[in-house]
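This report refers to the structure that appears directly beneath it.
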Amino acid sequence: MPLNRTLSMSSLPGLEDWEDEFDLENTVLFEVAWEVANKVGGIYTVLQTKAKVTGDEWGDNYYLVGPYTEQGVRTQVELLEAPTPALKKTLDSMNSKGCKVYFGRWLIEGGPLVVLLDVGASAWALERWKGELWDTCNIGVPWYDREANDAVLFGFLTTWFLGEFLAQSEEKPHVVAHFHEWLAGIGLCLCRARRLPVATIFTTHATLLGRYLCAGAVDFYNNLENFNVDKEAGERQIYHRYCMERAAAHCAHVFTTVSQITAIEAQHLLKRKPDIVTPNGLNVKKFSAMHEFQNLHAQSKARIQEFVRGHFYGHLDFNLDKTLYFFIAGRYEFSNKGADVFLEALARLNYLLRVNGSEQTVVALFIMPARTNNFNVETLKGQAVRKQLWDTANTVKEKFGRKLYESLLVGSLPDMNKMLDKEDFTMMKRAIFATQRQSFPPVCTHNMLDDSSDPILTTIRRIGLFNSSADRVKVIFHPEFLSSTSPLLPVDYEEFVRGCHLGVFPSYYEPWGYTPAECTVMGIPSISTNLSGFGCFMEEHIADPSAYGIYILDRRFRSLDDSCSQLTSFLYSFCQQSRRQRIIQRNRTERLSDLLDWKYLGRYYMSARHMALSKAFPEHFTYEPSEADAAQGYRYPRPASVPPSPSLSRHSSPHQSEDEEDPRNGPLEEDSERYDEDEEAAKDRRNIRAPEWPRRASCTSSTSGSKRNSVDTATSSSLSTPSEPLSPTSSLGEERN
């Protein structure tokens, strides 16, 4: 399968061009994951956003392999005929032997080609394949674990497909198979057991045991080296899943994780040190003018304000122009995602705002899907009352405007006492009476199935945040994914994030953390932790993260109570900022989006694939890593301009007010010469230092005789992680409460 294609990687703004060229002739990449065209969790986002940059590199020699789901195919995939003879013969052969294999194009940016394997249609072979798995790998799978049984079927079908593809190819290609997570890991183990000529990569985005242990309130990071992993997995009835994950990690030619914190975790729980850290990125959309994303923030905030007006009808005794919107979103893991810390910090923030007489109000929204049976009637009523008031106001306005127009048309000033009649006053009084409410605005927008034991609602009852008039912090729990068709809050997630002021993600277990990354590329400040992959990555690349709107909460070395106090300090400092300071901060945050662009982070995946090829085909490819100290990263320095770090923000002029305007639109009071947005942006761009990639390791193909350059493994880990990572055996502070 010849393919004459090379890739010249363009650089980020401020970075030198990365001039390595990869000769991809007769090389094919298959990326295997359960979440191909099948949205389940964060891996779907990784594959979806990375597809374009990978497709630009590999062209039509890049395929994604995933499970067939009727819903996914109906809404996301265009079914096509196989484009090559080898692939067509492979599909025909498998379909003729009792399998159902589909081929098409995933309708996302980049339009990658996908091979979808119908797991359910192959259930007839499950018992035979489970027996073969036991004979080959000594891994037994219980009958009651449907997810694990699906993983067995998917793994055998994937191996069958790869073996058939190699057999049907006239020119034997160099195949790279990249497997994501334990659900796809069986296929990797079988490829090695059957000695298929395939270069294999296994990426774990979060270890199974790590997620289970952290959910159980274990002092995880202080005891990594002390866990009896077999015992812990057995007690949680996931030993067979753990064996699948560990076997895949050990069988792979190259083992990668998404962050250094997960690399340390994998080294202790899976007993193999990752070869490369491959951070997760996003497709960054750059705006032609800085004010564009600021305008989007204002528009989205207006949508959220409409929802708040309805939700708090009858108790709307706070100024919406002086209201900040904080949010937390993600999988409903109360402790792992840090919802417990956030709620406690909100209670303390409420106390600080009240005793200091602050006019600022905070609305904290929890977007975490939970079990519900319907919308809360009181919440629906609030939105209905808001719409009724709006319609009443418009009706009166139209009548008033028509009478005013007719009066002016005849050349006389109107008699204001006759502009509104009794019917109008009656209508307005009825609208006012409709806003009367005896109870507090509801905390939860839905009826929960387990209201009495729900962790968020239980904690809210304990800390007493009931949305009373005296509270400066209001709480809204929205236990459902956001949708633009919702009758309550009709916005999608991206629009919602743009309308908020601060994302709060104080996670205890977060191998990467897409939610704060999404905030960053949209110019929204966020709070992360030094136990999340994203937090560690930004801490490594930015000298003073908080100055750029990335607050890093210390959950490594502090107790739970101290972490709550630090988070409270962050939140209170943010509340003290002026509108002008928040605008400047959002500008700085948005400029960090270059760090998270797949155009840059995709290089780590290139390096992993190159290493795998050299290990699987040493006679054709060589990978020569340079000395680890030859690679140097770069760091954004702390901005020198006013205002300084938001946590230490002070007024930049003696006459600061909330009415200050955007600093990009003209002079700003007396200190306008001290801050210029264009100059600030240029300075930040210059602050990006080009990574001094080591001398390129050669990757030589005997068929083409051309050099295949590669990036050193050490570079990948040194740029995405601290050069001297914290040893898991060292003390991480007080025990977690």
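Each residue's number is its place along the chain shown, starting with 1.
Each residue, glycine too, has its Cβ placed from N, Cα and C.
Features of the protein shown, as given by Swiss-Prot:
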- HIS205, ARG211, ARG331, GLU510, TRP512, GLY513: UDP-alpha-D-glucose binding site (BINDING)
- 658-681: compositional bias 'Acidic residues' (COMPBIAS)
- 682-695: compositional bias 'Basic and acidic residues' (COMPBIAS)
- 698-714: compositional bias 'Polar residues' (COMPBIAS)
- 715-737: compositional bias 'Low complexity' (COMPBIAS)
- SER8: phosphoserine (MOD_RES)
- SER11: phosphoserine (MOD_RES)
- SER645: phosphoserine (MOD_RES)
- SER649: phosphoserine (MOD_RES)
- SER652: phosphoserine (MOD_RES)
- SER653: phosphoserine (MOD_RES)
- SER672: phosphoserine (MOD_RES)
- SER698: phosphoserine (MOD_RES)
- SER710: phosphoserine (MOD_RES)
- THR721: phosphothreonine (MOD_RES)
- SER727: phosphoserine (MOD_RES)
- SER731: phosphoserine (MOD_RES)
- 634-737: region 'Disordered' (REGION)
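Overlay of Swiss-Prot feature records on the structure.
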residue	record	Cβ contacts under 8 Å, 6 or more apart
HIS205	UDP-alpha-D-glucose binding site	GLY42, ILE43, VAL46, HIS180, GLU181, THR257, VAL258, THR262, PRO511, TRP512
ARG211	UDP-alpha-D-glucose binding site	ASN336, TYR509
ARG331	UDP-alpha-D-glucose binding site	GLY41, LYS337, MET368, PRO369
GLU510	UDP-alpha-D-glucose binding site	ASN336, LYS337, SER528, THR529, LEU531, SER532, GLY533, PHE534, GLY535
GLY513	UDP-alpha-D-glucose binding site	PHE505, SER507, SER528, SER532, GLY533, PHE534, GLY535
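Compute the center of the Cβ atoms of HIS205, ARG211, ARG331, GLU510, TRP512, GLY513, which mark the site for UDP-alpha-D-glucose; besides them, the chain residues with Cβ within 8 Å of that center are GLY42, ALA206, SER507, TYR509, PRO511, TYR514, SER532, GLY533. Mapped onto three states, the DSSP output places ARG211 (UDP-alpha-D-glucose binding site) in helix.
Among HIS205, ARG211, ARG331, GLU510, TRP512, GLY513, the residues given in the record as binding UDP-alpha-D-glucose, the maximal Cα to Cα distance rounds to 15 Å. Around the Cβ of TRP512 (UDP-alpha-D-glucose binding site), the number of neighbouring Cβ atoms within 10 Å comes to 26.
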